Amino acid sequence: MSGPTRAGFEGSYLGANDRISDLAIMECKICWTPYDPASGDEFRQVLPGTPFTALPEDWHCPNCDAPKAQFIVQSDPGAPALLEQNRVDAQVSALVADFREIWHSKMRDVPLVNKALSIEAVGFRSHEGRGLGVLVSPWFMNLIQLPAAGEDWSGLIPGVKEDLEFPSGLYEFIHNRREMVGGYKACSLYPTMGDFQTQMQAVDLARAVMIELFKAENRAETDRAAEIRASRTAELAALEAAEAEKAETAARAEAMAQPTRRRLISAGLAGEDEGAAE
């Protein structure tokens with residue numbers, strides 16, 4: 001049995017309202033009268049700024065009275081942004097599906113989870129060509145970055161750290177991979193979720209994060225660059241010290257195994273001198 005049909009419009013977009021943006025300028029294919037969202041429809045008292053998809057179902061062409069279904073796309077300045085958002089939305093759906101599967105199969109009975117919460121993606125949008133948003137779950141809240149169109153992140157090594165710059169500061173992301181969404185990068189906002197009483201409370205905070213993240217005035221408070229640099233410097237110093245100690249030990253062992261010519265020549269004499277001294 002086929003599902004219910006959805007009212008749409010004719011033309012190259014095949015009546016799919018979700019494939020035109022709010023900026024799309026439509027025109028009647030009977031009399032070629034345009035509908036421009038910026039102008040609205042004074043005849044039907046439709047306010048300027050009303051998208052074609054938001055017009056009442058009984059709206060008709062103000063010139064020839066043709067129904068909405070007889071309108072086609074004249075131009076759509078917002079189409080690229082809409083297509084990009086649709087791409088990000090598809091990635092986000094896979095991300096949410098991955099973590100819902102983890103929740104139901106592995107995490108539901110773990111004592112530390114907050115069962116008042118659920119898996120929800122909040123505020124995802126395209127930023128510099130990559131999907132960015134907050135993932136809320138019963139056991140964590142993370143800022144997530146997803147790959148751009150054409151980028152292959154399947155080779156990301158889980159656990160590798162990367163610093164990403166935003167207007168509010170420098171943030172540390174950890175690489176990861178999941179079966180459905182593939183590679184992604186995550187910045188921990190809340191490693192546990194016990195402080196949240198409701199899903200709405202967690203979602204409201206996630207929305208606030210997506211606003212504050214892009215405010216340069218928050219940089220002094222949120223910039224973790226110095227902290228991250230200090231941590232990395234300490235890690236590198238410890239690594240260099242370990243390597244230096246290893247090299248010194250190896251050099252000492254090599255020296256013992258391969259004595260210098262002076263030692264070989266003087267070794268016997270030293271023994272004789274010691275015997276004479278006794």
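Any Cβ shown, glycine's included, is placed from N, Cα and C.
Here the structure is a predicted model, which means the values were calculated and not measured.
Now, the feature entries from Swiss-Prot:
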| type | residues | note |
| --- | --- | --- |
| BINDING | Cys28, Cys31, Cys61, Cys64 | Fe cation binding site |
| DOMAIN | 23-74 | domain 'Rubredoxin-like' |
| REGION | 250-278 | region 'Disordered' |
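A simple Cβ count within 10 Å picks out one of the binding-site residues Cys28, Cys31 as the most packed, and that one is Cys28. According to DSSP, the domain 'Rubredoxin-like' (23-74) comprises 6 helix, 14 strand, 32 coil.
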